[in-house]
Every structure is written in structure tokens, then in C-alpha cells.
Amino acid sequence: MTTPALLPLSGRRIPPLNLGPPSFPHHRATLRLSEKFILLLILSAFITLCFGAFFFLPDSSKHKRFDLGLEDVLIPHVDASKGAKNPGVFLIHGPDEHRHREEEERLRNKIRADHEKALEEAKEKLKKSREEIRAEIQTEKNKVVQEMKTKEKKPLPPVPIPNLIGINGGDPEDNDIRKKREKIKEMMKHAWDNYRMYGWGHNELRPIAKKGHSTNIFGSSQMGATIVDALDTLYIMGLHDEFGDGQKWIEENLDFSVIFKIKAVQLAEKLLPAFNTPTGIPWAMVNLKSGVGRNWGWASAGSSILAEFGTLHMEFVHLSYLTGDPVYYKKVMHIRKLLQKMDRPNGLYPNYLNPRTGRWGQYHTSVGGLGDSFYEYLLKAWLMSDKTDHEARKMYDDAIEAIEKHLIKKSRGGLTFIGEWKNGHLEKKMGHLACFAGGMFALGADGSRMDKAGHYLELGAEIARTCHESYDRTALKLGPESFKFDGAVEAVAVRQAEKYYILRPEVIETYWYLWRFTHDPRYRQWGWEAALAIEKYCRVSGGFSGVKDVYSSTPTHDDVQQSFFLAETLKYLYLLFSSDDLLPLDHWVFNTEAHPLPVLHLANTTLSGNPAVR
């Protein structure tokens with residue numbers, strides 16, 4: 001089974017990794033509520049971003065596990081002093097360059113042979129009946145579970161646990177706002193209860209057909225993606241019975257009987273072969289059994305995608321902190337250093353990079369799909385490090401300056417939008433996915449260069465207004481997948497294939513960030529308008545469904561309740577109508593799937609002695 005190891009197309013979507021919380025039969029009764037929440041956050045993060053390691057930054061004076069000096073650990077097979085005339089090509093360094101080239105050729109041949117072997121295996125599998133294939137899969141699963149139970153586990157070091165602040169509560173003082181928050185909670189319960197009834201264990205729900213749903217993005221049809229994705233939303237909303245049901249399913253069906261960190265390491269080791277490319281840029285997908293990786297065929301001649309390999313940094317770095325093993329840190333820092341050395345047209349990062357040659361693919365730059373979360377994670381790496389990762393902040397500032405110069409424009413009607421750069425031409429089209437950038441600009445305003453905090457906060461507000469207009473100019477008051485700014489057409493989808501709404505969260509995400517930073521009541525009003533539209537046009541008896549045409553007053557449903565609707569859309573709506581002491585932003589950073597992860601303030605930690613939370 002080939003399972004995507006990295007983020008899929010948008011870079012803001014859950015990948016299919018079946019990690020679940022461990023069973024602690026001897027410690028379950030002693031776990032404090034905050035400790036359970038820690039386990040929950042680890043679960044959500046691991047699932048959503050390859051294994052999304054819980055972000056603990058230990059005090060370096062007490063936990064000197066390895067030297068993080070970039071000069072010592074980065075890019076062992078790239079010589080920075082060579083290849084300057086062609087930054088897209090790097091030369092192997094060392095005393096015997098010929099031997100290294102032979103080794104590289106051997107690696108290429110092995111990769112090619114592995115691909116051919118995997119293809120032959122797939123052909124043989126297809127000759128078998130569905131029942132035979134299912135039986136073989138179950139046998140392999142049982143074998144892996146047994147190996148995990150019997151294999152001796154290497155003990156891992158203890159981890160500093162932050163004092164968790166604002167993980168529940170958030171009751172608003174205003175009665176009207178409180179009623180709206182309760183309505184969002186009721187919508188979450190409707191979505192969850194119907195998934196529980198009709199799609200339990202499947203990745204997603206078909207709410208009209210009232211049965212489970214899966215796409216190839218998850219690799220397997222019954223990995224419980226919705227369960228894992230929704231857990232922290234249930235917890236934050238105080239839906240503890242529902243949370244318990246999800247936790248029980250994961251414990252019983254994913255059979256994770258070892259503690260979280262060991263499980264994360266086991267999975268990480270399975271993912272590392274994805275980095276076995278001549279450049280160290282990982283493949284988009286890896287077969288967890290054979291270690292064979294590959295990329296999407298449509299991605300600029302088999303290139304890797306910026307929003308995939310660029311949305312691994314925080315998780316891999318902090319897994320190294322958790323385990324004391326620098327290998328994960330080295331992998332992603334290698335990516336960062338390689339990107340820094342490459343020539344960037346107009347200072348922009350193209351969306352495609354060939355992992356074999358180290359050259360950019362098609363010159364297409366987007367802050368929406370294919371590029372989005374790369375920029376988000378530069379900023380959030382800085383925030384998650386308690387603002388000590390200055391290199392990440394510099395890369396973010398440089399990227400945003402280039403984006404503002406070349407991609408951000410104002411329409412004739414006065415709407416600020418983010419276009420897409422394609423082969424030297426600005427396409428005046430903005431995607432729904434790019435609407436998250438309004439919140440990103442606001443989040444990154446503090447700490448910006450040349451005292452431009454006010455400028456970036458205003459830029460975020462302008463993007464929020466544009467994205468609101470894309471909603472307001474439809475019949476359903478829900479936004480299309482993308483919208484144009486050509487001539488008389490502004491913030492409106494033109495092609496039929498761009499008129500759908502699949503319960504996406506990015507616009508509401510931006511409303512929430514702008515509300516937190518400004519407390520301008522328009523953002524709550526806009527969020528409530530979106531909530532009412534979702535309730536009116538997307539709610540069906542079996543859950544919530546996307547719609548195929550937001551410009552039609554009698555829309556057709558797509559019959560899919562996306563897992564991110566529970567993880568992101570409803571969570572951001574709930575937070576929008578909560579007080580600021582629920583998950584305060586000086587203590588929490590949200591990953592690209594809206595799972596909150598704690599900032600570790602070094603003076604605000606304890607070293608837990610509880611083996612259940614180590």
C-alpha cells in the first residue's frame with residue numbers, strides 16, 4: 001500500500017497516517033486533565049503532518065543532546081563552494097569525487113529497480129480477488145502489530161512539559177455571542193453524531209448516502225481520519241463523551257500499545273526513505289513497507305511540491321528534540337539550506353522542485369494551493385521556537401516582501417488580492433486556499449521589519465475583506481474554490497470547475513485571527529454569516545456536505561463531509577465566538593490543520609515524572 005508521507009495538493013490537508021494514543025492500563029486513572037490534553041495534541045499533530053511531533057523546546061542548558069550549529073550538520077553531500085555559476089546544480093564534495101558519483105549512480109539504479117519491483121508487485125496484486133487482497137493486508141497488519149509488541153523498545157529521554165494555559169473555557173460575556181457559540185457546538189455534534197452513526201471508522205462520511213467515504217489521499221479506507229482530526233475540537237468544545245468514543249476507537253482499532261514517542265520514532269523511521277533522493281528533497285509519497293518513494297505524475301514532470309516538503313520543518317525538528325536523535329533535524333534543515341542557496345526568480349519560491357536534479361520545475365508561484373503552508377510554517381517555526389529561530393523569520397520576511405511586490409495587487413474596484421505567478425506572467429486569480437494569508441499577515445505583523453506591524457495588520461484586513469466579498473457575491477453566501485479579477489469580473493468564479501465549496505476553513509480562519517488582533521466586530525459578523533450559510537445550504541440529515549455551485553440558489557451537494565470541516569472550520573468558528581483566554585496566541589500556535597500546539601516558554605516548564613506522559 002502506497003501511503004502519502006507528506007502533505008497532499010493543498011499543503012493544508014490531513015495526510016493518511018494511522019497514529020493513535022497509547023493504552024496505559026496502569027496509569028489511565030492517574031492522568032490529569034492537562035496530561036490527557038497533551039496526549040491529544042500529540043495525536044492530532046502526529047496524524048496531520050506525517051507524525052507532527054509535539055513541540056517541546058527543552059532548555060538548552062539542561063538538554064544538550066547535539067550541536068544545532070547549522071555549519072556542522074547541514075547538507076553533507078553538497079559543497080557550497082562549488083556550482084556557483086548554476087545554483088540549481090550542486091556538486092558532490094570529498095576526496096574522491098569519482099567514487100561519490102559512482103555511489104550516486106548506484107543509488108539511482110537502486111531507486112529505479114525498487115520502482116520496477118514495486119510495479120511488478122502491484123501487477124501481481126491486481127490479479128488477485130478483493131477478498132485475497134484484504135486477507136493479505138490484514139495478515140501484514142497483524143504481523144506489524146505483533147512485531148511492535150515483541151520488539152524491545154529503546155528508552156527515550158524525559159521531555160519538559162509546559163504548563164498548559166487556556167485549554168478549556170472561553171465563555172463569552174455577551175449572551176448573544178454565547179448563543180452563537182452554542183450553535184456552532186450543536187453543528188459540531190450534528191457532524192460528529194452522523195459520522196458516528198454512518199461512517200464510523202472510515203476516513204470521512206458521505207452524509208447523503210449515509211455511509212463511509214474515502215479517497216486515495218488517505219491510502220486506506222478505514223484509518224479513522226475524521227476521528228483523529230476531530231478529537232481536539234471535541235475536547236475544546238467540552239464534548240467529552242464524544243471525545244471518549246473517539247479515543248476508545250483509536251485504542252481498540254489502531255492497537256497502539258506503546259507510548260507515543262516510541263510510536264512516532266517507529267513511523268519516522270518508515271518515512272525517512274522518502275528523503276533518499278540525490279538532492280535530499282523528499283518524495284511526495286513513500287511505501288511504508290518497501291521504502292520506495294515517488295511523486296505525483298502531474299507535478300511538473302514528477303517534481304516535489306513546495307507545500308509538501310516545506311511543511312515538515314517544525315515536526316521533524318521537534319521530533320529530534322523529543323528523541324535526542326538529530327537525523328530528523330538534519331533532513332529538514334538540509335531542505336532549508338538548499339532552498340536558501342538556490343536562485344529564486346524575483347525572490348519568489350516556485351511551487352515545484354525536482355528532487356533528482358535540484359532544479360526548479362515550472363515557474364509557478366502561489367500563496368494558495370501548492371505553496372501556501374510553506375510560508376505559514378516559516379512564520380510558525382519562529383513563533384513555536386519562542387521567537388528564537390531568526391533564520392526562519394528572515395526567510396519569512398524575505399518571502400513576504402517578494403510576494404507583496406510581485407503577487408499582491410489591487411483591483412479596479414479597490415479589492416486587494418494575491419495573484420499567481422506563472423512563467424513571467426501574473427494570473428489575476430485568487431484561490432480560497434490563499435485566503436488563509438490574511439490571518440498569516442496579521443499573525444506575523446508583530447516582529448516585522450522596519451516597524452511595519454501596522455502595515456501588515458492592514459494588509460491582512462484587506463485580504464479578509466476581499467475574501468468576504470468572494471462569499472458575499474454568490475447566491476449562497478459561500479465562497480468559490482477560486483475567483484478572478486479580470487476586467488469587470490472581481491472576486492467571482494468564472495469557470496464552472498471553480499464554483500464549488502467543500503466546507504473549507506481558510507476564510508473563517510482569517511476572520512478569527514483578525515478578530516483576535518483587532519476585536520473589530522465585523523469579523524464576528526462575517527463569520528456568523530458564513531455559519532448561517534453552511535447551516536442553510538450544507539446541512540443535510542446525515543451531516544454536512546459541500547456544494548457544487550455557490551452561484552446556484554438550488555445547489556447540488558457533493559455528498560462528502562470533509563474531515564477538515566470538523567478539525568478546522570468548526571473549530572475556528574467556535575473560537576471566533578469564544579473569549580481570548582481560550583487558547584491564547586502567546587501560548588499556542590496552530591499547525592496547518594488547526595491543531596493547537598504549545599509554545600514552550602523556557603521559564604514555564606516542569607519535567608514530568610509520570611511515565612504515561614513522557
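Cβ coordinates are placed from backbone N, Cα and C, and glycine is handled just like the others.
From a predicted model like this one, the values you see are computed outputs, not experimental measurements.
The disulfide entry in TrEMBL for Cys467 points, among Cys435, Cys538, to Cys435. In TrEMBL, the feature region 'Disordered' is placed on 145-175, out of the ranges 114-144, 145-175. Around the Cβ of Thr592 (Ca(2+) binding site), the number of neighbouring Cβ atoms within 10 Å comes to 25.
Rounded to a whole number, the distance between the Cα atoms of Thr592 (Ca(2+) binding site) and Cys435 (disulfide bond) is 13 Å. When Cβ atoms from all protein chains are considered, those within 10 Å of Cys435 (disulfide bond) total 31, not counting its own. When the Cα atoms are compared, Cys467 (disulfide bond) and Thr592 (Ca(2+) binding site) turn out to be 19 Å apart. The Cβ neighbour count for Cys467 (disulfide bond), using a 10 Å radius and every protein chain shown, is 28.
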